[in-house]
Amino acid sequence: MKDSVLVVNSGSSSIKYQLVDPAAGVAIASGLVERIGEPDGRITQRHGDREGEHRGAIADHAEGLRLAFAMFTEAGLDLHRAGIAAVGHRVVHGGEVFYRPTVITDEVLAEIARLSSLAPLHNPANVIGIVGAMRELPNVPHVAVFDTAFFHTLPAPARTYAIDAEVARAHGVRRYGFHGTSHEYVSGQVAQFLGRDPGELNQIVLHLGNGASASAIAGGVAVDTSMGLTPLEGLVMGTRSGDIDPGIVMHLRRSADLDIDALDELLNRRSGLKGLSGVNDFRELRRLIDSGDESATLAYDVYIHRLRKYIGAYLVTLGRVDTITFTAGVGENAADVRADALAGLEGLGIEVDPARNGAKEHVARVISTDASRVTVLVVPTDEELAIARASAALVGV
Ligand code: ADP
């Protein structure tokens, strides 16, 4: 238990947490607080083979964490005395200020709160989670690991929007990129798995979960990514539109009389696969497609079309690509998505092996043929482990 790291990922109404042994790379315990602020709150927790559940109203994040700690104590794991070396917090937006894991001081916390204007759905929840966790574990260093950090290397042409430069500068409008912890972790795993120096590899990483993003990584350095100022840009996602003509926003503002909050809700929560088909989960989408649902088929085709567009763009951005890697819920599980994303690209040296692609193994593996010039892989992401390792390294464990 000594030298373990508690990883906390707080969303607007939920907190995911995991106690990780960073050296062994294993989760000792994990849990999820859900529906904070609703009458039917829920906490589910696992420690070894013991599972615990709490149901009932949870007023706020601080109460959620307090109850979670009490449940751990009941299960024989007193986190106050467990010798935790650090608490690692996932923080969504680091703006231009934070580009490496950072020990959280009062000033750092104030700065994360200030960055809420760039991530109004995420940073306020992160701040509340940090404050709650600091109350529970006041004598342990708390570390912020930023989702944007890995992309601070984006070259100017990739990070700059072609809008009035003064306006952009005054309001921090540029491309930041998100899911950075996952892209960094997965690209590192690829190099390790292939026994190669990360500095030698040009990689495309496709993080396809409920949120989805693509990145182009040259020799371990991120050179482009699909998400921008916010996690709304880029690929088609579960409920987010990804790229659209910005003119649509003005058009709907004027002709559908949607105000800015309604447009935010439309593009973040009622678009993407859900907007087109009614469902955002790929398993349900597949069932609808198999039952002959035309909207679901169109949603899938739009998803694949966008994904291929980004793969094409990054092949050219990188010039030479050594690996293409699929990760996250959809990327790790949906063999049809992987096959369709890369179908017909033999001329570009990309050849997926159907049997390897169809195998259901949850470990890093190659799914391209031996003849494929580009190695195609599936690599499970593990953002919690990456946050735990970054936090442990920062506090010198
Ligand atoms: P998040 O972005 O919420 O972290 P995940 O990476 O966990 O998301 O991915 C969640 C998505 O993965 C689900 O919405 C679902 O569409 C997809 N998914 C999970 N398991 C499977 C599966 N076996 N087959 C196809 N898709 C799956």
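Just so you know, glycine gets a Cβ as well, placed from its N, Cα and C.
Features as listed in TrEMBL:
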- N9, E383: Mg(2+) binding site (BINDING)
- K16, H207, L208, G209, N210, G211, D281, F282, R283, G329, V330, G331, E332, N333: ATP binding site (BINDING)
- D147: active site, proton donor/acceptor (ACT_SITE)
- H179: site 'Transition state stabilizer' (SITE)
- R240: site 'Transition state stabilizer' (SITE)
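Feature map: TrEMBL annotations on the structure.
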residue: N9; record: Mg(2+) binding site; DSSP class: strand
residue: K16; record: ATP binding site; DSSP class: strand
residue: D147; record: active site, proton donor/acceptor; DSSP class: coil
residue: H179; record: site 'Transition state stabilizer'; DSSP class: coil
residue: L208; record: ATP binding site; DSSP class: strand
residue: R240; record: site 'Transition state stabilizer'; DSSP class: coil
residue: V330; record: ATP binding site; DSSP class: helix
residue: E383; record: Mg(2+) binding site; DSSP class: helix
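In the shown protein chains, 19 other C-beta atoms lie within 10 A of the C-beta of E332 (ATP binding site). A Cα-Cα distance of 5 Å separates H179 (site 'Transition state stabilizer') from D147 (active site, proton donor/acceptor).
If you take the CA of N210 (ATP binding site) and look 10 A around it, the recorded positions you hit from N9, D147, R240 are R240. Residues from the recorded positions list (N9, K16, D147, H179, R240, E383) with a C-beta closer than 6 Å to any atom of ligand 1: none. Within the same chain, residues at least 6 positions away in sequence whose Cβ sits under 8 Å from that of K16 (ATP binding site) are V8, N9, S10, S30, G31, L32. In this entry, ATP is bound by K16, H207, L208, G209, N210, G211, D281, F282, R283, G329, V330, G331, E332, N333, whose most widely separated C-alpha atoms sit 23 angstrom apart. R283 (ATP binding site) sits 27 Å from D147 (active site, proton donor/acceptor), taking the C-alpha atoms as the reference points.
If you measure from the Cα atom of V330 (ATP binding site) to that of R240 (site 'Transition state stabilizer'), you get 15 Å.
Of all the recorded positions in the list D147, R240, E383, the shortest Cα-Cα distance to E332 (ATP binding site) is found for E383.
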